[in-house]
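To keep things clear, I will list the structure first and then write my remarks on it.
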Amino acid sequence: MIQTQSTAIKRRNSVHKNLFDPSLYQIPEPPRGGFQHQKKEYSKETFSNQVFGYDITSLKKRFTQLFPSNIQGYLPEVDLRITIICSIWYVTSSISSNLSKAILRTFNHPIALTELQFLVSAVLCVGFASIVNLFRLPRLKHTKFSKALNSFPDGILPEYLDGNFRSSILHKFLVPSKLVLMTTFPMGIFQFIGHITSHKAVSMIPVSLVHSVKALSPIITVGYYKFFEHRYYNSMTYYTLLLLIFGVMTTCWSTHGSKRASDNKSGSSLIGLLFAFISMIIFVAQNIFAKNILTIRRKVGILPSSSTDDVTSKEGQPSLDKTRFSPLQVDKITILFYCSCIGFSLTLLPFLTGELMHGGSVINDLTLETVALVAIHGIAHFFQAMLAFQLIGLLSSINYSVANIMKRIVVISVALFWETKLNFFQVFGVILTIAGLYGYDKWGLSKKDGRQA
């Protein structure tokens with residue numbers, strides 16, 4: 001009997017099938033398009049743990065040890081990866097914002113500038129994707145430059161780049177799928193309206209005043225999540241955001257006050273403020289809409305799927321009533337390319353029927369110097385958009401709005417030093433803004449529900 005029982009046990013072990021194993025009932029997923037995304041075979045450095053060859057944890061520890069022990073407890077927690085991305089984002093944004101104002105002084109055609117900006121961005125996307133695809137060839141993929149390209153965070157580059165230009169670029173990257181069009185068409189509309197209104201505002205009022213209006217975006221974002229999504233925020237969130245907004249507006253209005261006598265065009269200023277406000281609303285709407293699309297973490301996706309992830313309950317049994325979502329996300333190069341193409345297409349009709357037909361000076365004003373500035377502006381905008389997409393996926397909507405406020409402070413500070421005009425109220429406004437950012441990071445959104453925004 002003992003031998004028979006052990007034999008039966010061996011037979012059951014040889015079958016080794018659990019009736020509650022969800023893999024028994026898994027239905028093969030249908031193809032998600034004309035091609036199947038495949039996993040990368042390239043060795044890729046973990047960007048979240050390494051920055052320029054240094055370990056993030058050791059760098060943070062060394063930096064903290066520079067301060068006395070009684071001060072270390074008051075230091076805010078710093079994510080070095082996000083700090084580096086934000087720093088580069090601030091530099092490129094400063095270049096882009098100040099160049100747009102410089103271009104519009106001699107080339108006062110906001111719609112034409114928007115059209116050229118979309119065109120340069122689309123060309124850069126195709127060129128960058130082609131270079132990455134080239135260095136996926138077997139003879140080039142082990143070079144240092146190829147390893148640097150492969151160290152980009154997840155979600156930046158397409159997964160299907162394999163070195164074959166015809167299949168990867170011509171047949172996949174340049175041929176949009178239904179998913180890509182569903183994702184990028186609404187964002188292209190946001191880009192179209194946002195860029196035109198922003199350039200219109202910059203052409204009518206100072207850059208500082210445009211950014212002071214856009215500084216209201218965190219308040220609008222918090223209001224949306226509170227009244228429409230029923231999110232909870234503690235009182236410190238509102239206090240720190242108000243301090244933040246007050247600091248930004250103090251800096252901007254103190255800069256604008258010195259120009260009020262020379263630029264006293266009430267009608268033009270009012271229209272410029274209206275364009276800036278519309279641009280701010282578009283920014284908030286795009287931020288909220290793009291959050292679920294640009295987030296790389298495995299959470300709710302944009303398409304339903306029969307993926308086997310998270311399909312079992314705690315007891316190990318298959319869950320039939322649990323909603324499952326697709327982990328499929330569109331990479332940021334593809335999003336930026338098709339957003340630029342859609343924005344270019346939508347801007348083409350207003351450009352042809354407006355500035356080109358009725359303002360015949362567009363071609364005459366497009367000098368060689370203007371073309372060079374537009375090219376530099378387009379390159380800076382390309383990197384700015386890529387970094388913004390990456391930050392939207394890494395940060396919450398409120399944190400991204402605050403990072404965007406800090407970006408505006410850097411832009412305004414660069415403009416102030418560029419114009420060599422600095423007064424007490426501008427410095428006071430910058431200090432208030434930094435204090436608001438510190439307070440928001442230290443005490444704001446302390447509740448778990450608030451962190452999920």
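From the backbone N, Cα and C atoms, a Cβ is placed for every residue, glycine too.
Taken from Swiss-Prot as is:
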type: TOPO_DOM; residues: 1-110; note: topological domain 'Cytoplasmic'
type: TOPO_DOM; residues: 132-172; note: topological domain 'Lumenal'
type: TOPO_DOM; residues: 194-201; note: topological domain 'Cytoplasmic'
type: TOPO_DOM; residues: 223-234; note: topological domain 'Lumenal'
type: TOPO_DOM; residues: 256-269; note: topological domain 'Cytoplasmic'
type: TOPO_DOM; residues: 291-332; note: topological domain 'Lumenal'
type: TOPO_DOM; residues: 354-371; note: topological domain 'Cytoplasmic'
type: TOPO_DOM; residues: 393-413; note: topological domain 'Lumenal'
type: TOPO_DOM; residues: 435-453; note: topological domain 'Cytoplasmic'
type: TRANSMEM; residues: 111-131; note: transmembrane segment
type: TRANSMEM; residues: 173-193; note: transmembrane segment
type: TRANSMEM; residues: 202-222; note: transmembrane segment
type: TRANSMEM; residues: 235-255; note: transmembrane segment
type: TRANSMEM; residues: 270-290; note: transmembrane segment
type: TRANSMEM; residues: 333-353; note: transmembrane segment
type: TRANSMEM; residues: 372-392; note: transmembrane segment
type: TRANSMEM; residues: 414-434; note: transmembrane segment
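A Cβ distance under 8 Å defines the sequence-distant neighbours of the transmembrane segment (202-222), meaning residues of its chain 6+ beyond its ends; these are 97-98, 100-101, 104, 108, 110, 233, 237-238, 241, 244-245, 248-249, 251-253, 255-256, 259, 263, 268-269, 271-273, 275-277, 279-281, 283-284, 287-288, 397-398, 401-402, 404-405, 408, 411-412, 415, 453. Looking only at the topological domain 'Cytoplasmic' (435-453), the predicted model's pLDDT averages out at 59. Sequence-remote contacts of a segment are chain residues at least 6 beyond its ends whose Cβ falls under 8 Å from one of its Cβ atoms, and for the topological domain 'Cytoplasmic' (354-371) they are 103, 106-109, 111-112. The transmembrane segment (173-193) makes contact with the transmembrane segment (270-290): 3 or more of their CB pairs lie within 8 A, with pairs spaced 6 or more apart in sequence. The transmembrane segment (111-131) is not in contact with the transmembrane segment (270-290), judged by fewer than 3 CB-CB distances under 8 Å for residue pairs 6 or more apart in sequence.
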